[in-house]
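Colleague: Below is the structure I would like to discuss, written out as structure tokens.
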Amino acid sequence: MCGIVGVVGNTNATDILIQGLEKLEYRGYDSAGIFVLGGTENHLVKAVGRIAELSAKTAGVEGTTGIGHTRWATHGKPTEDNAHPHRSETGRFVLVHNGVIENYLEIKEEYLAGHHFKGQTDTEIAVHLIGKFAEEDGLSVLEAFKKALHIIRGSYAFALIDSENPDVIYVAKNKSPLLIGLGEGYNMVCSDAMAMIRETNQYMEIHDQELVIVKADSVEVQDYDGNRRERVSYTAELDLSDIGKGTYPYYMLKEIDEQPTVMRKLIQAYTDEAGQVVVDPAIIKAVQDADRIYILAAGTSYHAGFASKKMLEELTDTPVELGISSEWGYGMPLLSKKPLFIFISQSGETADSRQVLVKANEMGIPSLTVTNVPGSTLSREANHTMLLHAGPEIAVASTKAYTAQIAALAFLAKAVGEANGNEKAKAFDLVHELSIVAQSIESTLSEKETIDAKVRDLLETTRNAFYIGRGQDYYVAMEASLKLKEISYIQCEGFAAGELKHGTIALIEEGTPVLALLSDPVLANHTRGNIQEVAARGAKVLTIAEENVAKDTDDIVLTTVHPYLSPISMVVPTQLVAYFATLHRGLDVDKPRNLAKSVTVE
Ligand code: M6R
């Protein structure tokens, strides 16, 4: 949430900042701004709305050093006054910030009497505090920044500029992501390597509660007491082409289409030359040692946990419990004696999940992160990591990460089960079954026009809708409804089909869209009974069924896949339903209102 980019010592500073912000726009897009210096004058430019609005205001803005920010509002409305960068009382210090400062009101009251603030943000208070220590109390910039860091509580990634000195950017972080990018003759800072991949693939990590002095030809890492810390750089394995849209109108459609390829990449990543499933033995042991698996996640990743629960339980013989990260961060339930925490997170940066991981580490609970982003915070701080190999996911609506998460957990379940001699695991030919899944997805993707036509009729104008299903289909219904509501703004509930009659069926009226998911031969007929019940009350029903349970009247029919993997293939038509519904309603598919891709605030 919120994206930061900074550059020091490059004559193209403005272009680098704008291009970086475009790449970071998925982290927040209600307003943006840059501060550039080192030319004939200093420039502070801000705009409400998308980066394109900001870019249009930057003609003639030149310099060698600058910082930029794309905002997802936490404190104060999306206005130019609240947009970053923010300036100190005299205007000398300029700051961008990602995160939430918990004690900003106390700081204002205790230290900043008589100061004038333009907006309502916590960030403005932080830069005033630094300015006060430097200008009113006579500290050096470094000392003033450190003193402020000792006082500020909360989550932050800061990039600070002293407008009297274009040779340096000061940065610090706590709980919010920030990286240093190493260029040739210049250096950069950013929230995400993707923002700088055009310039460099050499990066340096910053740990929590570290301060970094970034100059064109040097990078010095310190703790808040001034002790130097050594840090080596690493090469990011990102490809510029991975982060482009190509010929696609939206990232979401590109990412939906990539899913068969992702399934095949996962097969490559988790099998050896003989086609045997290979998972890090230390991870297998961690599962074997556990008496219960706790899956912690948010949003779509949480739903992927549900979709994997039955498979994990049956193949590893270990009970699986699910937790919503934001609920567990501050209230851990009674745990089993030998818990293993599995964090599922596309970004690996979700603050709610990290909050739980920090607690788990304090309690000595072993942990595994299943993530798409190597080197992400949740990956670094957990004991083990399994990667999704899905390539960057940029659309706010998560698609390929969900299917990759279930597939990655299938490799884990299979590997542990085999190691334990579990008969079901031995009989589960995962590589073959995933290849069938990839083909099933391909065949669904070839039906886009049909899905598009059905969706227009059903969802173009409705205010609400339901997805229903039983068993695994219920879990997919939860994900399908999140996808539909987050981008089309249709209020949608994912419901256990049999539960409707216990109250919620009261909401069904003439024309209410109900989308039913049917994949399980034992449960499908029961769900069909529930379909009759809603149809009798006027619902417009669309059915999505696997071939083994399909009837001639079903609207979308999918190739049958292994029951453990059916959530992977069943979710794909629902992703397309959400995509086309959003297009028909004239909305921005990739950047829905009020959201950001990477949720780095609690
Ligand atoms: O990066 P994470 O997987 O931890 O993100 C968790 C959720 O914020 C995320 O899945 C969110 O629900 C998606 N926008 C849904 O499409």
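Every residue gets a Cβ built from N, Cα and C, even glycine.
TrEMBL labels come from automatic prediction, so no person has curated them.
Worth saying up front: this structure is predicted, and the values here are computed from it rather than measured.
Below are the features I grabbed from TrEMBL:
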ACT_SITE  C2  active site, nucleophile
ACT_SITE  K597  active site, for Fru-6P isomerization activity
COMPBIAS  77-86  compositional bias 'Basic and acidic residues'
DOMAIN    2-217  domain 'Glutamine amidotransferase type-2'
DOMAIN    283-422  domain 'SIS'
DOMAIN    455-592  domain 'SIS'
REGION    67-86  region 'Disordered'
Colleague: What is the Cβ neighbour count of C2 (active site, nucleophile) at a 10 Å cut-off, with all protein chains included?
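Modeller: Here the count is 27.
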Colleague: Which residues of the same chain, at least 6 positions away in sequence, have a Cβ lying under 8 Å from the Cβ of K597 (active site, for Fru-6P isomerization activity)?
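Modeller: Spatial neighbours, sequence-distant, of K597 (active site, for Fru-6P isomerization activity): Y26, R27, S347, E393, I394, A395, V396.
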Colleague: Can you tell me which parts of the same chain pack against the compositional bias 'Basic and acidic residues' (77-86), counting only residues 6+ beyond its ends and a CB-CB cutoff under 8 A?
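Modeller: Sequence-distant neighbours of the compositional bias 'Basic and acidic residues' (77-86): 2, 30-35, 44, 46-48, 67-69, 71, 94-97, 118-121, 123-124, 126-127, 161.
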Colleague: Tally of helix, strand and coil residues over the region 'Disordered' (67-86) according to DSSP?
Modeller: 0 helix, 6 strand, 14 coil
Colleague: What does DSSP give as the helix, strand and coil breakdown of the domain 'SIS' (455-592)?
Modeller: 69 helix, 28 strand, 41 coil
Colleague: Per DSSP, to which secondary structure element type does K597 (active site, for Fru-6P isomerization activity) belong, with helix, strand and coil as the options?
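Modeller: Looking at the DSSP assignment, K597 (active site, for Fru-6P isomerization activity) belongs to neither helix nor strand, so coil.
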Colleague: Pull the DSSP breakdown for the domain 'SIS' (283-422) and write it out as helix, strand, coil residue counts.
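Modeller: DSSP composition of the domain 'SIS' (283-422): 68 helix, 27 strand, 45 coil.
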